[in-house]
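Below is one structure; the comments refer to it alone.
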Amino acid sequence: QGKEKWDFILVSDIHEMGSEKEIKRKKFLDELSKKGFTIKKIEDEKLFYGVRAPEHIFQKYQWLLRNPDSRSQNPDIHHDIPVTTRWQSVTNPLHSALLPEKLQDLEKKKVFETSFPLHEKEEVREFLKEKWARWRGVFHQQPIEKIRCYLGEKVALYFAWLGWYTCLLGIAAVPGLLVFVTGITIFSSSQVSKEICEANDTIMCPLCDQKCPFWLLSDTCTYAKVTHMIDNAGTVLFAMFMAIWATVFLELWKRKRAAVVTDWDLYRWDEEEEELALQLINDLQHEPQQYQHSYFRSTIVLLLVLLMIAVLIGIAHALVIYRVVATAFFSQSALELLREQANTLAVITGAVLHYVTIVIMTKVNRQVAHFLCDLEKPRTFSQRENNFIIKIFTFQFFTHFSSLIYIAFFLGRINGHPGNYVRIAGKWRLEECHPSGCITDLFIQMAVIMVLKQTISNVMEYLVPWIKHKARKKWQRPKKRNPILGEEEEVEDPCKRQWQRNYELNTVNVFSLLDEYLEMVIQYSFTTIFVAAFPLAPLLAFFNNVFEIHMDAIKMMRLHRRMVPRKANDIGIWLQVLEAIGILAVIGNGLVIAITSDFIPVQVYKYTYSPCMAGNSTGVDCSTGYINHSLSVFRIQDFESHTRVPEMLPGFGRHQIKEYRDYRNADDYSYTVQFWHIFAARLAFLILFEHVALCVKLIAAWYIPDVPQAVKNKFLRKKHNNLHKKMRWVMPRGMP
């Protein structure tokens, strides 16, 4: 009996005899028995029911589909029946409409607490536990074939994709690190930074209305050096490189996926045909559910999605208001350090608050996405899965990136100018960019979010299941009963301990794997869309993923119940999501360089207004004078009435003209000709960059075939052999 194999375990509370739940449970199990299922009951603090499907189900399945799984995935399991074939054949009857009620409905009504396949002590599992699901195996190659044998193709493809993504991230991390190191080497040599550090006589306007003093531009020397460490010509080249990298990564993944699923004999597998086959095996009278589309329902769902996006953008606005109020609060602090670093502190605390909103809204987004999927009433599980993916990714994208989009493209551009600031509630003025540019704010925001997500989130992702598992083991394992003197101790059923141990593991559901994909796809968005502002993103993502692979492995093999193995021949709609992110990356990086970065204004100055254009300035750096050129002057008498004019700095006259970062005329504060030159150059660069990057992406996609020639030739040979065999049967005897 210790060698008995059970396909599924159903767990139920011990209900009162004659209760509605007890009657429903009995009807369900009786109907399964009539269909030929073997059922074994073990009573403990809970009721455990082992369910084993009859062999004729699998014979029908393999005959009906002429199943491509001609090779065994796991020869030790049930007469060479592949793992996904067996469990998909079992789960379909359990959720069949022919039964009194579907299993999932009974679980919602608490008739059954849960159901799960068993982690069994078999050779493949022991290999995966010892060689793969351990931290010491971090740098070892993944045993994809064995993962497929035990967890099914869908999970195996996830790990194959994650491994491939991590490998190519290592390639992207090298130029990213070089760009960052190069930026450090020019930390003090940038002409723009030098001018800021030497601007000891340039007085800048106060950063707030009340307690903020006038200040010297040279006070921000260190901040300027950090900015120009990030904002240099190397980031432009790296952004272009990452646009190409994203395309090459996806094209190479398509090739790898084709080779992998061809080895599994699943390249031409049809999910819809498989679903129909399983339904016919379960019920010969089954009629397929027709495709339907309701424009009314789709309109309602679309409006609700737009409403949710508006809420998420509203949260981003709330974060903006926080930064504005925090800046004002820190600027009026009694501590000199807080006053001096008010803007930086507002940025850092705002980033932490943004991370907290991400954690909270992730849970809300999931519930909303499920609710919207229920409204749509999808025809099949795979359709529901795709609908859920699109919605949850859309919500998570706006949750993560709304605040970043504001910082990148709006911060410091809609705040007005001294004497006419844009204010929130007529009181707090909007934030300004630092005189050396806004890109450092974007760098700080991305760095804080990525570091927190890859430390706190990952630690919680591992620790929470580990703690839950230990707690369940402690609370749910029954105490050993001491036999009474003279009473013979009852022999324990060997299945009981195994079922109990599996029950003590953390629960999984059909969307558990989607959560892992979602985490990685959001990371991929961070790595590509704003990489021009944060060239270290690929390096951080690479190190994170090296551990993520094995953390996921440990969770699946040691801390979580066994996922129901499912068949698949690709990563599904995630591929279209990744391709969309690739296009957004081109647009995002083009906008960061054109709008957020100072790259374009510096180039316009060099080739239009710099000393080099005078023709008699040999040996002079062409960016000399750029800082003074990018500042506008402001008269003290033009301050708004409710602004408290601070005391003048020692050594400077009371009525001396003050400066601020903008291109405006001194008399009426209208935009100068230089502003429009730079605006035109930004627009021209954006159009050129995006067209060139998209053309290169298209050329790369064309140049790298989606399917390797070896795979094409293999199918060509199969077709030829099949036709050749048919011709031998058709040709009359004696003909050559």
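Note that Cβ sites are derived from N, Cα and C of the backbone, with glycine treated the same way.
TrEMBL: automatically predicted annotations, no manual curation.
Taken from TrEMBL as is:
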type: DOMAIN; residues: 147-717; note: domain 'Anoctamin transmembrane'
type: TRANSMEM; residues: 155-181; note: transmembrane segment
type: TRANSMEM; residues: 233-253; note: transmembrane segment
type: TRANSMEM; residues: 300-322; note: transmembrane segment
type: TRANSMEM; residues: 342-361; note: transmembrane segment
type: TRANSMEM; residues: 388-411; note: transmembrane segment
type: TRANSMEM; residues: 521-547; note: transmembrane segment
type: TRANSMEM; residues: 568-595; note: transmembrane segment
type: TRANSMEM; residues: 679-704; note: transmembrane segment
Winner by Cβ pairs under 8 Å against the transmembrane segment (388-411), considering only 342-361, 521-547, 679-704: 521-547
Intrachain residues whose Cβ lies under 8 Å of the transmembrane segment (568-595), provided they are six or more past its termini: 152-154, 157-158, 161, 235-236, 239-240, 242-243, 246-247, 250, 254, 257, 261, 264, 266-267, 269, 271, 382, 385-386, 389-390, 393, 408-409, 413, 439, 442, 517, 521, 524-525, 528-533, 682-683, 685-686, 689-690, 693-694, 697
Cβ contacts the transmembrane segment (679-704)/the transmembrane segment (300-322), at least three under 8 Å, sequence gap 6 or more: no
